[in-house]
There are 2 protein chains.
Amino acid sequence: MAIQKPSIPKGTRDFSPEEVSKRQFIFDTIRHQFQLFGYAPIETPSFENLSTLTGKYGEEGDRLIFKILNSGDYLAKADDAILQEKNSQKLISTISEKALRYDLTVPFARYVVQHQNEITFPFKRYQMQPVWRADRPQKGRFREFYQCDADVVGSDSLLQEVDLISLYDAVFTDLNVPVEIHFNNRKVLSGLAEVADISDKLIDFTVALDKLDKIGEEKVKEEMREKGIPQTSIDILSPLFSMKGDFRSQLASLKAILNTSEIGLKGIEELEFVFAKIEKLGLKSADLVLNLTLARGLDYYTGAIFEVKAKGVQMGSIGGGGRYDDLTGIFGLNGISGVGISFGLDRIYLVLDELNLFPDSVDHSLEVLFINFGEAEAEKAMDLAKELRDNGVRCEVYPESAKMKKQMQYADKKAVKFVAIIGEEELKTGNLTLKNMLTGEQKSIAFDELKNAIP
Amino acid sequence: MAIQKPSIPKGTRDFSPEEVSKRQFIFDTIRHQFQLFGYAPIETPSFENLSTLTGKYGEEGDRLIFKILNSGDYLAKADDAILQEKNSQKLISTISEKALRYDLTVPFARYVVQHQNEITFPFKRYQMQPVWRADRPQKGRFREFYQCDADVVGSDSLLQEVDLISLYDAVFTDLNVPVEIHFNNRKVLSGLAEVADISDKLIDFTVALDKLDKIGEEKVKEEMREKGIPQTSIDILSPLFSMKGDFRSQLASLKAILNTSEIGLKGIEELEFVFAKIEKLGLKSADLVLNLTLARGLDYYTGAIFEVKAKGVQMGSIGGGGRYDDLTGIFGLNGISGVGISFGLDRIYLVLDELNLFPDSVDHSLEVLFINFGEAEAEKAMDLAKELRDNGVRCEVYPESAKMKKQMQYADKKAVKFVAIIGEEELKTGNLTLKNMLTGEQKSIAFDELKNAIP
């Protein structure tokens, strides 16, 4: 067979031992807090029936779903006309009935409906699994990446929002990442659209408003006019440009604008409730920020909207979420409200790397390498290695009695902390030589003292 | 949109919180020992280039690889003649260039070659990721399942075999599963085929020999004759039927049969070395068993062959592996010998379940539920929940002030250990009522003593 130059598909990644350990540290930290907050883990298959996913992510999303080719003679039932006109889109449903998970939310909705009789509601679940998207790969955007989601379904209590903000705070405190949790409410945005009569321009409006700090009030208004937002609407909403102070005074200004919109006032009430609770409860390290320009997933969320940004780093959002009504309706279970948050693993990784926040304990590399000087020496080394492992020390015996230099190079390259030397002399005396590879210090240690000599 | 009755593709599984926690326990136990033995984690993409996988698993294997349909107008470049004759096999290479991982071994080989300049040899890696096979689903056989592999490449030292046996012993000791580690050597099998001149019948021979305990010597010989193995060959190999005693005496009998076969004697030498080392080193709980009928992956392994069986349970092998030469040759890197073992997660799960060996600590469900009696009470409860979580206690506040009965039912169904009751009266006195849901015992505890009251 011809020899192939190995490579991997674009948009995918190999992870080295160091990278896996660092990613595992983030997963473990998030998982630990998910569990403390009472979220329980589920896992769903990597591929779902294509029909489960199709139509849930819009037309663009449908295109980006990876479809799996049916096994066997998949063309047998294909329509001749479709084949002849090479109609790729029409052929799909004939030759593919499965597709890779595109996100964790739709499979979760499917899970809830399918297992509704085994589930106790409110159902709090977390899920940390990869998803796949046939997006054009670019810096920081991959075709395979992990999502880490916590959602609760079957409760419309705003205490869930309070809990999820506390959860974000707890995780990023554990990770030592200073963050702002941006918070908004879809109902407020609906209210603004209502009073200003710009329901069709709301996104243009919020996108422009979002630039206020950068380009100033006049330029923001200019952009709004360019986008076709009438001056009368801008005038109605202009108090938004000068909202200042704590959440109470900001919400007071907002209330003045929205006083004729029932849904808008409901949104303010919800924001007030959550802010007041968080104020009383306190956050460990995060800042909770009212951000009226936050409109992610506008067509999806119906209440709270969250987004997390790391402070002091240029790095988009590292988490997000919100409340949605009727997630499970598409699968036949109506009236189940839900709210959830997501952690952006890849970006959190980049933030920790950039801020040098990965703790030393992440390193799971070898602690002790026993140099191999021959059969009898290696036998003793294996005995001691077994004892060390029983004491939780990561260690190994070099597999061959290669030249000392080669074995020490191996220790160097693997950044081993200690090298244990048992030669002929050491075998006789019952003392080994332990070299600290960081300081270069060497000391002689009795065999049965070794397990106490490794910190 | 029409409402769909939700389901998942056949051969795949949803995992409930309890199942995920139990699986996580097995993963954690294996991972812990992998690390103690100096194996480092890598991860590879879920899909590889189809050309990386094709031709590596035989014709049957190629059929069972899940192919991913190219995105976009995948039929554009398809050959008209192939479409017209509906030739599914010939069309594949045009419409699919990626495929789901079929095992962890080929991606590992690809990884080693691709990253050979970053890797320090001998390279000891572990990998725990799902694989996918379009096999016909049946009891215990799934289309998506995890593999947990540890391999070392770039060393032909038999100390690796010794280490891997010790690793199996350490993991199954930690899991409390009594096991036999069956051990054989491909070179011995080659030697037997050589001296008995039955190279083409070796598998028939070992399959029949494997039934010795069940059906007795005469019936085994009968089966061999039926399979076309000549009587002269059976006579030459007949000492195998009466091999008894410890590994030393068994290997002595074997040596008498193989004394004209160079490769056979080499195999015996390797077996002797490993058995002697393990005898000196000792195993914690596993039994190491010489099993000359062990021939798994005969066309693949070149030296040691391992297989693990749980004692006292009917459950095929729960682990296996062996030494292979030239794993990476297909990708252009020759002369790299490797040896590795694999853990069968799904079967290990079934064994632990059947023998009731999952420890209580696997349960990550809620420890404390705070009953919600209204706004002021819930606020206090959230305060205390925060404090408990800081002390590592998994807890939550019921999200609504629903009827007491409903909240207690929720606690029951979720098997919560303690229910904390803070009503109007408790708010006044500063003492809450803590109910142990297992014993039914209730006691009154000062708010600031709660964190010490949860074991």
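Placement of Cβ uses the backbone N, Cα and C atoms for every residue, glycine included.
What TrEMBL records for A:Asp103, A:Leu104, A:Thr105, A:Arg133, A:Gln147, A:Asp151, A:Arg296, A:Tyr300, A:Tyr301 is L-histidine binding site. A:Asp103 (L-histidine binding site) carries neither a helix nor a strand DSSP state and counts as coil.
Residues or ranges marked as domain 'Aminoacyl-transfer RNA synthetases class-II family profile' by TrEMBL: A:1-399.
Looking only at other Cβ atoms within 10 Å, the busiest spot among the binding-site residues A:Thr105, A:Gln147 turns out to be A:Thr105. Other Cβ atoms within 10 Å of the Cβ of A:Asp103 (L-histidine binding site) number 17 in total over all chains. The Cβ of A:Tyr301 (L-histidine binding site) has 24 other Cβ atoms within 10 Å, all protein chains considered.
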